[in-house]
Number of protein chains: 4
Amino acid sequence: MQIEGFMKYEQILKTIYKEVTSLENTGEVASYIPELAKVSKDHFGMYLNRIDGNNYAEGDTDTKFSIQSISKVFSLTVAFANQGDALWNRVDVEPSGNPFNYLSLLEREKGIPRNPLINSGAIVVADCLVSTLKNPKKDFLQFVRDLADDQTINFNEEVAASEKATGFKNYAIANLLKSYNNLANPVEEVLDFYFHQCSIEMNCKQLSNAFVPYANKGKSLLNDACVSAKQAKRINAIMLTCGFYDEAGEFAFEVGLPGKSGVGGGIVALLPNEFVITTWSPALNEKGNSYYGMQALEKFTTQTNSSIF
Amino acid sequence: MQIEGFMKYEQILKTIYKEVTSLENTGEVASYIPELAKVSKDHFGMYLNRIDGNNYAEGDTDTKFSIQSISKVFSLTVAFANQGDALWNRVDVEPSGNPFNYLSLLEREKGIPRNPLINSGAIVVADCLVSTLKNPKKDFLQFVRDLADDQTINFNEEVAASEKATGFKNYAIANLLKSYNNLANPVEEVLDFYFHQCSIEMNCKQLSNAFVPYANKGKSLLNDACVSAKQAKRINAIMLTCGFYDEAGEFAFEVGLPGKSGVGGGIVALLPNEFVITTWSPALNEKGNSYYGMQALEKFTTQTNSSIF
Amino acid sequence: MQIEGFMKYEQILKTIYKEVTSLENTGEVASYIPELAKVSKDHFGMYLNRIDGNNYAEGDTDTKFSIQSISKVFSLTVAFANQGDALWNRVDVEPSGNPFNYLSLLEREKGIPRNPLINSGAIVVADCLVSTLKNPKKDFLQFVRDLADDQTINFNEEVAASEKATGFKNYAIANLLKSYNNLANPVEEVLDFYFHQCSIEMNCKQLSNAFVPYANKGKSLLNDACVSAKQAKRINAIMLTCGFYDEAGEFAFEVGLPGKSGVGGGIVALLPNEFVITTWSPALNEKGNSYYGMQALEKFTTQTNSSIF
Amino acid sequence: MQIEGFMKYEQILKTIYKEVTSLENTGEVASYIPELAKVSKDHFGMYLNRIDGNNYAEGDTDTKFSIQSISKVFSLTVAFANQGDALWNRVDVEPSGNPFNYLSLLEREKGIPRNPLINSGAIVVADCLVSTLKNPKKDFLQFVRDLADDQTINFNEEVAASEKATGFKNYAIANLLKSYNNLANPVEEVLDFYFHQCSIEMNCKQLSNAFVPYANKGKSLLNDACVSAKQAKRINAIMLTCGFYDEAGEFAFEVGLPGKSGVGGGIVALLPNEFVITTWSPALNEKGNSYYGMQALEKFTTQTNSSIF
């Protein structure tokens, strides 16, 4: 990645911020639970954490938001570190394609989810953590706090409760998994964990810090080896091929970085050995990814010439 | 239907009974819940209830068994009588084809089940009854008792409890329906009703009596008009096209009568204005229909020349 | 079927004709080939052929139209008569459900069409006839002429040529069947036969006459036994469950008779041992069945109380 | 990519060659056309072409084989260079998942193939070339010859003829595309081109040379700019997410490089700005990718630490 001397990252972020916020924000804030719908669509922040130690913030990088599906990367990390390749007996690593036929796919593949970053796969991963962690919710939260080196990170109990009250599709998925014997623990217990992991709130800075291991051969900001270098690479491969629902191909194509998005409007992406970048803007495009975030990341990789391809 | 004078129905049933029981019973008793698995596969009974008032029994017609999916015809009858054609806004009347992709179909059709005789459709019908009956389980049981003119008919609470403990696929379906707003009541409440309706125990005689309205322009054994003649015809049409899961076409083709089977081994079939016939034998063929029962009904309609076609 | 003495069939047909033609005809004439699109949507005819020998005509019963898919019943009849139950090794007898995923279904079921009345099944049947008839097209046409007792019936070569030039979906189906080894003859040869069979032109009277065997235990108007009584019953069962694409359940439900529709606007339906009735009106409802025809048949079976259920 | 001084690529390839060939070759040579089935499964070659100009050969790198699906990358390159992003109106860039339901997917997505590297997508791309190239087959062959800087490269007319005689599934796909108006030229013409492009024969060295542009910002071995740097990146993204049928995720996961496999047993993979590597061994694993080739590439990227992740 070659950045000419006179072009500072700070300047690049500023320019992108201006360009993106001058676009009409045609996205819509997720509204399926009241807690998400309350967030103003005006927020927009970008935080760049370079592996060399320099960090760059632009816009709204201190406001916490619901990380939602981004949490799937963290739970996958714990399960993969604990179980190694045995995990792949219960969940596959292939792109899923069509989000609209979630349960169809699960049925056709007899209860083996296509990958750990779609809901069905993440629910299987959650089941693994409920089985192996002593105090599942507490231990998982601690893992995320340590990753981000920030002990203030927390669940949002209201969001978790709301998801529980309205998450019928996730109940359908968990029960279908259970009918295929791919869930060891009771549905209620697994989903309680799952809804909590999704409800974690972090800001752009915390997320960028927490994703350092994937860009740094498995080593966290605090230099803990939370996964092996090989496992970090594998998680990156999964993010690239499966991190953006039905837009995975488009993202690989337009941005060219491994990453993960969440319905709360966050996106984290990374270039191995170089950087982690997090964007947050709550209004989503029709595929469920942050509208401003996708624009910003496309511009960033183009301007810094930093695709993996 | 022309039966020559010298051929008595009694004789026909005796002959069929002998022929069928001389076949090796290659079917398997349903084993997904312990209560069903306990039943011996040796049972075999046939009960013919002619609209002219004559009845004929052969074999094991007094032993009660779990009516399971046959109950869907009763619940459909109550819902259709109560709601009329408005019911079809929430459930369609088309054959479903492949049972293996239940949830796929439901997903593709956005939560509108293909017909009221597959599980998803019957769960929507159960939801209707939970909404409209004052004491849903009690009132429904009373309806069935009155149909059969037999107040000894009852739920089997153990079967209902077993279904509840292991019915993950039905929980998946109900939650998926709920996610599409096609369930007005809580999942637990609807499934409690549904598992109870399926657990009703009846013998061949009681079932034949209870199905009289479908062969008799809507009038029950006690001459109550439980549905209109037109509605009875419509339920018959649904039974013919949808009553035997993926074997609906085969049954129409081989037997040529409207009917409904259950995983407990019962089958009820009928010729409008002529008769109702019930068979029971718990061992099922690979499509989930009673092996002896299918054989017996094919022989009966051939020998009495009594197809609707 | 009880018709009170004073109600003449003639009068019933007249009344229905008036009622139906007073409805706004919201259907659309099929336009995928120019020859079909040319037909005026104003045509409407009904022809009732009672097995007792009395016939009744109302409206446009002498104009010939493209019988299209109705021909599938004739080809099935020849193949079934020739091959008997061996035919079912190559085509199933289950309702197909969704017409929109024709090829999906064929793929999932590894090249065995769901039934002989959808295109894929009819193409397999056509392949059987190409294999077994000496002069396939000529012999088949002669069979239809004899059924209807009318030697003026003919192919419409322009319609056949048009179908050939634009029938890409049928080419796709035939090639897929071929890839699954379920087509013995070359694709071009089978489709040439198939497009010709669909292009046959008949009027309401000829069709009603040609369908007599299905209502008369296999015996044609000329008293030829073209199929056995048992085979006639089976074909009726297939018509009832599979004769109306995705509207099979609806038709069984609303009309309650075995029948077959074609995209040219014809519908033939029958009550065993009683009658055959043919309607023709070229404008189709959204499911591809004649709009006026469906209305007329629903009224006819209601007014004459002549459902099989 | 850090290779310690004492570890020579030559040595690495030798070691891998020995390790891989000591494995029992459990794969099977493709046999759907006689020409492919004739090839001995004993062949195994690897050719590494580093962008710095150094090349390394090990094993059978001079024998030509049928490149088959690898040709889809070349045709995509020409179409993308000619049409730019307008190409994506006719073919998507999302991973396809399940190869077993090719036509289902195409039907569900109304004739827009999931990506240009599955058969349906490549047939659409072939249609583009038939429309835009003056002498489609000749011009395309010349393009490939120039890419590889080798004028001896040719079609294998027998392979092309065999594919034409037996390629019913491709005919099904092309006709289905045509039925959705996503094919401008006649089916026969497009497939003639397609079968020819797949029949091109190249050896490991020629393929490695021809793939240089994707590793070298669009510039070929002869320094021609055959696509822009941006387009090269995009093609790499497509290869990574879609290059290995249902094993795309697995390959990204195990190997971590963009690449493309063919049923003739060839695989080409590349690390941008670093190298192209081609392997050839005709015996395929159950997913249709070369068994030895997959093993070799996994070992190579592990030993040279050269994943993109």
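In case you wondered, yes, glycine gets a Cβ from its N, Cα and C as well.
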Of D:VAL78, D:VAL255, D:VAL263, which one shares the substrate site with D:SER69, D:ASN119, D:GLU163, D:ASN170, D:TYR194, D:TYR245 in TrEMBL?
-> D:VAL263
For chain C, give the subset of the binding-site residues D:ASN119, D:TYR194, D:VAL263 whose C-beta is less than 8 angstroms from one of that chain's C-beta atoms, in sequence order, otherwise 'none'.
-> none
Where does D:SER69 (substrate binding site) sit in the DSSP three-state scheme?
-> helix
Where the record says D:SER69, D:ASN119, D:GLU163, D:ASN170, D:TYR194, D:TYR245, D:VAL263 bind substrate, what is the longest distance in Å from one Cα to another among those residues?
-> 20
If you run the three-state DSSP split on D:TYR194 (substrate binding site), which class comes out?
-> helix
Cβ-Cβ distance under 8 Å, sequence separation of 6 or more, same chain as D:ASN170 (substrate binding site); the residues meeting this, in order, are D:ASN119, D:ILE123, D:GLU163, D:LEU191, D:TYR194, D:PHE195
